[in-house]
Amino acid sequence: MILIMQKKNLWLHLLGLVILTLLSAYAVVKYPINLGLDLKGGVEFLLEPDFSVAIEREYEDLARNLREKLSKFNVLEVYATKEGVIIELLDKKEVENIKKVIQDINPNVIFEEEGDKLVVKFTQKYVEQLKEDIVRQSIEIIRDRIDKLGVTQPVVTRVGKYRILVDLPGFLDVERAKKIIGSTASLELKLVIDVSTDRKELEKKLTPDREILPSRDGREWFLVEKAPVITGQDLKTAYVGVDNLGQPAVNFELKGEAAEKFGKFTEQNIGKRLAIVLDRKVVSAPVIRSKISDRGQITGNFTAQEARDLALILRTGSLPSPLKFLQEKIVGPSLGKDAIEQGIKAGILAIILLAVVLIARYKTAGITANISIFLNVLFLLASMAFLGATLTLPGIAGIILNMGIAVDSNVLIFERVKEELRLGNTVSKAIELGFKRTLSAVWDTHVTLLVASVILFQFGSGPVKGFATTLALGTIASFISNVYYAKVFLDLLNSLKILKI
């Protein structure tokens with residue numbers, strides 16, 4: 001009766017194994033595994049935000065607020081520089097009261113007095129927080145832009161303290177990628193004071209609240225108000241359209257409060273020119289003919305592709321600061337193909353060598369080891385396909401390493417079974433004791449590998465993450481196939497009286 005129950009349980013386990021194997025094979029076929037940059041080809045960028053621009057912009061915003069707040073004091077001028085905000089004093093006795101007003105606006109400042117000037121600077125802690133926010137926002141915006149490009153399984157991750165790594169598998173248009181990722185898309189609408197082809201002429205009219213910007217083609221210079229009327233943050237949406245001449249353009253719509261503000265501004269400045277500034281260049285400067293409220297158009301001799309890309313960038317928002325491209329790497333599809341072929345060859349060779357050694361050493365038990373290793377790899381690939389994980393060249397190395405770990409576990413179990421047989425136990429008892437007495441060692445090995453994989457994934461990047469992913473999934477698959485299904489196969493061979501070990 002007990003023997004019948006044991007055989008029934010054995011066949012139930014085998015049925016479960018067959019179902020799991022078929023489901024795994026279906027997952028691999030139904031959900032093709034995503035290939036990484038090193039296998040599929042594509043581009044990789046290493047970026048770093050230019051913090052100086054963002055910090056200078058913060059100083060300009062602070063100076064703009066202070067001009068209004070300090071109007072009741074004897075202050076000659078308030079203007080921003082790269083190092084801080086300069087306040088020129090007419091009466092030094094008011095300096096303490098001025099400091100209190102400034103700290104009410106932003107408490108994260110320090111003061112330096114230089115003669116009749118008060119220099120306002122951000123604290124180091126505040127600057128570090130600004131940098132942290134800039135990196136975080138940049139990563140979010142880059143991800144959003146890349147998602148809208150339709151790139152499969154892109155990688156946008158932080159490297160070190162302030163750098164950003166971007167992998168675009170299968171995307172080989174480097175210039176377009178750099179333009180979309182690196183464009184700050186800093187859209188500003190500013191009132192034009194004067195225009196000239198001679199910059200020096202405009203410099204005579206410069207004041208702290210004005211600036212000179214070049215046209216998109218570099219032929220003209222525009223003297224404009226520093227303070228923008230509208231910025232990219234005020235946009236509700238942006239989409240491709242055509243101008244009066246039928247050329248590609250970008251239409252935009254404004255949010256509620258911004259639309260109301262823009263309507264008042266245009267109504268008060270009819271007949272004047274409004275500069276549309278994109279990334280510090282004037283793309284167009286139309287004359288305000290009438291009141292404009294919630295929508296506008298950006299023209300500038302764009303191609304259809306340029307207009308689409310600009311609309312995409314404006315919809316995702318402007319970067320908090322320009323990005324510096326520290327490194328770029330292009331992996332051609334041919335190199336990726338070679339890497340796949342080499343990886344497949346290495347894997348096949350490893351499987352053949354393992355199969356030969358195991359069968360030579362453990363006879364029919366070696367066959368069960370080979371089957372469990374095959375299932376290990378199948379379960380691993382099915383897990384990657386189902387989870388949408390990306391396979392990289394280091395990931396293939398992780399798969400091969402997992403095969404070695406699986407062999408190690410099988411050898412440990414088989415040697416223990418042989419030892420139990422030498423002690424005079426029956427084959428069934430030897431199998432039972434062999435697995436039971438090696439379980440703790442096999443468990444410790446797999447848990448240690450899993451912990452190491454998690455640490456590598458958490459703190460690694462790029463290739464290291466690919467290796468860690470396959471190692472972690474492979475470790476779980478290895479434990480299931482070696483500890484559970486290897487025993488099922490040994491019991492099956494024993495019940496059929498063909499087990500040799």
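Glycine is no exception: its Cβ is also placed from the backbone N, Cα and C atoms.
The annotation transmembrane segment is assigned in Swiss-Prot to 9-29, 339-359, 371-391, 394-414, 447-467, 470-490.
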Is it true that the transmembrane segment (339-359) and the transmembrane segment (394-414) have 3 or more Cβ pairs under 8 Å, skipping pairs fewer than 6 apart in sequence?
yes
Give the one range among 9-29, 447-467, 470-490 whose Cβ atoms make the most pairs under 8 Å with those of the transmembrane segment (394-414).
470-490
Long-range environment of the transmembrane segment (371-391) - Cβ separation under 8 angstroms, sequence gap at least 6:
17, 20-21, 23-25, 27-28, 30-36, 39, 153, 155, 169, 351, 354, 399, 402-403, 406-407, 410, 466, 469-470, 473-474, 476-478, 480-482, 485-486, 489
